[in-house]
């Protein structure tokens, strides 16, 4: 199978040449594009999630031999969660080569965390199936390397951390309100306000509601923690 120039360039970016290029094509094919004769990337995404998890668990153990399980778990979760996979996918331009159906094309599928994260995991599995575990491990460590060393000991996602902060003080969970939406349908920008019962609030913008909520939660958490220092 001959790959397009765009997908060949993507291979260069991730540093892997496929002996079985059909694996990569499948990894890049979303369910909205699949047909009866051509499968999508869901099965590869399932496998890639497990390969990523094993590599991250081992990398964290090696990076901090003295860390306890309770310290490792939040770091691990921060490294393998869908938002992180989507961030890595954006860094390597994976969205540019995703094979999407018309419905996803019209609704900005190339920018969605869910599609990018799933695609990243599917690409990991494609490398694993093409060249084995060591090749997949090398890819993951190359793409995630800076994150492994920088991940915080308290690496809960901001929404979880903010909710736990509120609960510890007898407050109800924070509310997230979409205050504005701008941009075209294929590239929307969401403005989300995170608010506590105390009246404290913070606002953030992002290309998806999930990203905007996380960013608003992070800003509000920093605000309330600073005020209570």
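Using the three backbone atoms N, Cα and C, a Cβ is placed for every residue, glycine included.
As written in Swiss-Prot, here are the features:
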- 7-132: domain 'RNase III' (DOMAIN)
- 45, 118, 121: Mg(2+) binding site (BINDING)
- 49: active site (ACT_SITE)
- 121: active site (ACT_SITE)
- 157-226: domain 'DRBM' (DOMAIN)
Set of same-chain residues at least 6 away whose C-beta sits under 8 angstroms from residue 45 (Mg(2+) binding site): 118, 119, 121, 122, 125
Residue 45 (Mg(2+) binding site): secondary structure state under DSSP, collapsed to three categories: helix
Least buried by Cβ count (within 10 Å) of the recorded positions 49, 118, 121: 49
Residues flanking the Mg(2+) site, with Cβ no more than 8 Å from the Cβ centroid of 45, 118, 121 and excluding those residues themselves: 41, 42, 44, 46, 48, 49, 85, 117, 119, 120, 122, 125
